[in-house]
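Sequence annotations record features per position, and here Swiss-Prot assigns active site, proton donor to Glu133. Look at Swiss-Prot and you will find Cys12, Cys103, Cys198 tagged as [4Fe-4S] cluster binding site. Annotation source Swiss-Prot lists isopentenyl diphosphate binding site at His43, His81, His131, Ser226, Asn228, Ser271. Marked as (2E)-4-hydroxy-3-methylbut-2-enyl diphosphate binding site by Swiss-Prot on the basis of sequence analysis: His43, His81, His131, Thr170, Ser226, Asn228, Ser271. Annotation comment: Swiss-Prot describes His43, His81, His131, Ser226, Asn228, Ser271 as dimethylallyl diphosphate binding site, evidence class sequence analysis.
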Amino acid sequence: MKIVKISPRGYCYGVVDAMVIARNAALDTSLPRPIYILGMIVHNKHVTDAFEEDGIITLDGPSRLDILDKIDSGTVIFTAHGVSPEVKQRAKEKGLTTIDATCPDVTKTHDLIEAKKAEGYHVIYIGKKNHPEPEGAVGIAPDIVHLIEKADDLKTLEIPTNKILVTNQTTMSQWDVQHLMEDIQKKFPTAEFHKEICLATQVRQEAVAKQADVADLTIVVGDPKSNNSNRLAQVSQEIAGTKAYRVADVSEIKLEWLQGVENVAVTAGASTPTPITKEVIAFLEQYDPMNPATWERVRKVPLQKILPRVKVKKEQ
């Protein structure tokens, strides 16, 4: 079996930065305890489990405000997906120490929404409902930001001005965003468009589109909650024309997927730990359909290998 290792794949700089920020927080004895992450720091359970070993508690819930209601003291880390001004204010009112790990690309979108609101615009924001990134973006200006996920959402959308900005969640499929933007332009011809697919997401999607077409199967390594991982599987199927499965780690690979397969493409979401992806590739490289000794699929990567290394600051 030939393995096509799609490149680039895996961690983006925003994810690494967020994890380093959280790791440094865990090592900072001056921060009030307990230390909480407001939702998953990045959408990968292996990462949140590793942080739990570091003493950092991940809390989840229907919204960031709902999660904050569970916290009465300590330190709160805002995730890479960003939060609304209301969340920041609520944390301040509760007397919590806050650390912001928002991805710079997300911050750029928030700044754009604020600037356009000041100019009297309404904003159409293309994103996944019930995902934390759109929650934070809509929360920048909930009175003028309209979240849409599908073309059907446009049918009932009415905006009381011709000053309209269209932007999007950074981890969406660029092809889905393009199709929706074309539909929006037909309904709102005066709209201005700012496509905000982050570069890391874009190049990973384009790599799958160009490299997965030679494979019989694509395996995307990523958490089920990771939007960018799910979009990579979608790109493989819809753009490259190659059947794809998303797995959290090697243990989720089903042997029947590999029957009759000669070429397997492997990629990983931007929040997927590199050792988890390497373990998937190593399994596929040694797999022999005629040898049951090669069929074992058990995650063996220790959690302490998941998080980035950071230097412990010496006290002066």
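Each residue, glycine too, has its Cβ placed from N, Cα and C.
Annotated features, which come from Swiss-Prot, shown on the structure.
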residue	record	DSSP (3 states)
Cys12	[4Fe-4S] cluster binding site	coil
His43	isopentenyl diphosphate binding site	coil
His81	isopentenyl diphosphate binding site	coil
Cys103	[4Fe-4S] cluster binding site	coil
His131	isopentenyl diphosphate binding site	coil
Thr170	(2E)-4-hydroxy-3-methylbut-2-enyl diphosphate binding site	coil
Ser226	isopentenyl diphosphate binding site	coil
Ser271	isopentenyl diphosphate binding site	coil
- line: In whole Å, the longest Cα-Cα distance within the recorded dimethylallyl diphosphate binders His43, His81, His131, Ser226, Asn228, Ser271 is 15
Task: Note down the number of other Cβ atoms within 10 Å of the Cβ of Cys103 ([4Fe-4S] cluster binding site), including every protein chain shown.
output: 25
Task: Would you count the other C-beta atoms found within 10 angstroms of the C-beta of Glu133 (active site, proton donor) for me?
output: 27
Statement: Apart from the site residues His43, His81, His131, Ser226, Asn228, Ser271, the 8 Å Cβ neighbourhood of the isopentenyl diphosphate centroid comprises Met40, Val42, Glu133, Thr171, Asp223, Lys225, Asn227, Ser229, Gly269, Ala270
Query: Taking Cα-Cα distance, which of the binding-site residues His131, Ser226, Asn228, Ser271 are within 10 Å of Cys12 ([4Fe-4S] cluster binding site)?
result: Ser271
Additional residues around [4Fe-4S] cluster, ordered along the sequence, whose Cβ is within 8 Å of the centroid of Cys12, Cys103, Cys198: Tyr13, Gly14, Val15, Ala80, Pro104, Asp105, Val106, Thr170, Thr171, Leu199, Ala200, Thr201, Ala270
Query: What is the number of other Cβ atoms found within 10 Å of the Cβ of Ser271 (isopentenyl diphosphate binding site)?
result: 29
Query: For His131 (isopentenyl diphosphate binding site), which of the binding-site residues Cys103, Thr170, Cys198 has the nearest Cα in space?
result: Thr170
Query: Roughly how many Å separate the Cα of His43 (isopentenyl diphosphate binding site) from that of Glu133 (active site, proton donor), to the nearest whole number?
result: 11
Message: Among all protein chains shown, how many Cβ atoms are found within 10 Å of the Cβ of Asn228 (isopentenyl diphosphate binding site), not counting that one?
response: 27
Statement: CA-CA within 10 A of Thr170 ((2E)-4-hydroxy-3-methylbut-2-enyl diphosphate binding site), subset of recorded positions Glu133, Ser226, Asn228 in residue order, equals Glu133, Asn228
- prompt: When the Cα of Glu133 (active site, proton donor) is compared with the Cα of each of the binding-site residues His81, Cys103, Cys198, Asn228, Ser271, which one is closest?
  reply: His81
Task: Looking only at C-alpha atoms, tell me how far Ser271 (isopentenyl diphosphate binding site) is from Cys103 ([4Fe-4S] cluster binding site), rounded to the nearest Å.
output: 12
